[in-house]
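Visitor: Here it is, the structure, as structure tokens.
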Amino acid sequence: MSKYSKEEKSWILYDCTISTYSMILITTIFPLYLRVMLTNGGVPEASATVYWGYLNSIGRFLIAILAPILGTIADYRGYKMKFFKIFSIIGIAATGLLGIVPESFYILVVIIFTISNIGNSGSNVFYDAFLIDVSEKKKMDIVSSIGFAAGYIGDILSLAICMVVIVLAQNNIVPISVTQAYRVCFLITAIWCLLFSLPMIKNVKQVYGIEKEPKVIGKSFKRLIKTLSSVRQHRNIFIFLLAYFFYIDGVNTIITMATSFGADLGISSSSMLLVLLLIMFVAFPSSIIYGKLAEKYGAKVMLYSGIVIYSIICIYGYFIHNIVGFLILAALVGTSQGGMQAISRSYFGKLVPKEKNNEFFGIFNVFGRFAAILGPSLVSLVASITGKTSNGVFSVLLLFVIGGVILIKVEDSKENDLLILEEQPIVNN
């Protein structure tokens with residue numbers, strides 16, 4: 001890590017916040033907690049999976065609406081870190097509240113979860129855009145990949161701590177129930193996110209931006225409209241966003257619905273946590289390998305590698321009926337999960353004009369968030385119609401096929417460089 005700057009290291013460490021939140025609140029503990037709440041309330045287990053998919057879609061829809069507006073405002077000098085702090089605090093505070101509110105107040109729990117999801121997702125919009133501020137273009141692939149790798153280390157450690165708490169509760173070693181242990185995990189997550197946010201807040205600064213002007217909000221809306229209309233003029237950006245919309249939706253859907261899929265196969269919650277640890281152990285080195293290979297063979301080649309692997313995952317998932325098959329599936333997910341996300345982020349960072357990076361990353365996140373609505377909804381719809389979650393998993397294959405076909409049309413980076421050089425001069429802080 002000695003070859004990376006203080007700003008790059010601080011940016012990399014923050015991925016431990018994003019990844020841990022996603023692991024505990026989106027992938028593992030909260031889905032199990034929600035399932036317990038719903039089934040205790042008389043909801044069938046299959047329906048609990050459907051409700052979880054729709055709940056995720058609601059939160060992602062809300063942040064998708066906010067992302068481009070916030071990104072446009074944050075392009076003004078001094079605004080990016082302010083918004084980053086606001087959304088980080090909202091996400092951390094709401095996550096902590098989940099550890100306090102009893103499960104009997106399930107409507108309040110769902111509302112608080114949605115708020116925490118918006119806070120975490122909102123901070124992620126600005127975090128992604130900060131990559132351009134902290135790293136040179138030639139280092140973006142590897143810095144982004146190491147960020148995801150660091151996140152997986154955080155996942156392993158935080159999930160291991162949560163597993164200890166849950167196992168102690170299951171074996172009556174500590175005087176709390178399993179559902180109370182889940183809430184302790186939410187408190188642990190809030191503290192964890194706070195600690196790994198501090199280096200980012202202290203050391204990272206907005207480098208690229210535009211001068212402040214009167215009527216910031218009104219001017220921001222005008223700039224957003226102009227940016228949206230100009231996206232199609234940047235051919236690589238527009239085509240890549242379309243491809244990204246579909247294939248990253250597939251990636252996020254597999255991640256989001258993994259716990260519910262495993263539960264439908266009869267895998268216990270404790271076994272599920274061990275499976276997810278396996279994913280993290282595989283994903284940590286795989287993310288770094290993706291970054292290294294992207295430097296050698298190009299980001300686009302590695303994106304296609306991930307699309308092929310995830311297509312295999314969707315097909316294989318259709319035939320899984322036991323924990324052994326699920327373990328193999330988990331290992332396959334681990335090989336490409338972080339790499340796909342990291343390379344997509346850095347590849348897009350190379351395409352966009354630096355002084356407008358927040359605007360474009362806001363749009364980038366809109367495509368990602370709206371895509372995240374489609375996938376879980378597709379799985380939930382197919383699963384509810386057919387009565388089998390495996391059919392829902394298989395349906396995700398369509399997203400990777402469409403994304404892969406569109407990605408073919410993305411042109412070489414030389415044209416991308418030219419498009420960036422044609423933009424207005426950069427204004428530094």
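Quick reminder: no glycine exception, Cβ is built from N, Cα and C everywhere.
So TrEMBL lists these for the protein:
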| type | residues | note |
| --- | --- | --- |
| TRANSMEM | 12-34 | transmembrane segment |
| TRANSMEM | 54-76 | transmembrane segment |
| TRANSMEM | 83-101 | transmembrane segment |
| TRANSMEM | 107-130 | transmembrane segment |
| TRANSMEM | 142-169 | transmembrane segment |
| TRANSMEM | 181-201 | transmembrane segment |
| DOMAIN | 236-429 | domain 'Major facilitator superfamily (MFS) profile' |
| TRANSMEM | 237-261 | transmembrane segment |
| TRANSMEM | 267-289 | transmembrane segment |
| TRANSMEM | 301-320 | transmembrane segment |
| TRANSMEM | 360-386 | transmembrane segment |
| TRANSMEM | 392-410 | transmembrane segment |
Visitor: Spell out yes or no: are there three or more C-beta pairs under 8 angstroms between the transmembrane segment (392-410) and the transmembrane segment (142-169), with each pair 6 or more apart in sequence?
Guide: no
Visitor: Within the same chain, where does the transmembrane segment (267-289) have neighbours whose Cβ lies under 8 angstroms from its own Cβ atoms, ignoring anything closer than 6 residues to its ends? I mean 6 or more beyond.
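Guide: Distal contacts: 23, 27-28, 32, 145-146, 148-149, 152-153, 155-156, 159-160, 162-163, 166-167, 170, 258-259, 323, 326-327, 330-331, 333-339, 342.
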Visitor: Cβ under 8 Å, sequence separation of at least 6 from the ends of the transmembrane segment (107-130): give me the contacting residues as numbers and ranges.
Guide: 11, 14, 17-18, 21-22, 25-26, 30, 34, 37, 55-56, 58-60, 62-63, 66-67, 70-71, 74, 80-81, 83-84, 86-95, 97-98, 101, 193, 200, 204, 206, 345, 349, 357-358, 361-362, 364-365, 369
Visitor: Do the transmembrane segment (142-169) and the transmembrane segment (237-261) share at least 3 Cβ pairs closer than 8 Å, excluding pairs fewer than 6 residues apart in sequence?
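Guide: Not in contact, no.
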Visitor: Hey, which bits of the same chain come close to the transmembrane segment (301-320), Cβ under 8 Å, at least six residues off its ends?
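Guide: For the transmembrane segment (301-320), the far contacts come to 247, 250-251, 254, 261, 265, 290, 293-294, 326, 328-329, 332-333, 335-336, 339-340, 343-344, 347, 390-391, 393-397, 400-401, 403-404, 407.
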Visitor: Quickly jot the same-chain residues contacting the transmembrane segment (12-34) by Cβ under 8 Å, restricted to those at least six beyond its ends, or write none.
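Guide: For the transmembrane segment (12-34), the far contacts come to 4, 48, 51-52, 55-56, 88, 91, 95, 98, 103, 109-110, 113, 116-117, 120, 123-124, 127, 143, 146-148, 150-155, 158-159, 162, 179, 182-183, 185-186, 188-189, 192-193, 196-197, 199-200, 255-256, 258-260, 263, 269, 272-273, 276, 280.
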Visitor: Against which stretches of its own chain does the transmembrane segment (83-101) lie, if we need a Cβ under 8 Å and a gap of at least six residues from its ends?
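Guide: Apart from its flanks, the transmembrane segment (83-101) reaches 17, 21, 25, 30, 70, 73-74, 108-109, 112-113, 115-123, 125-127, 130, 183-187, 189-191, 193-194, 197, 200-201.
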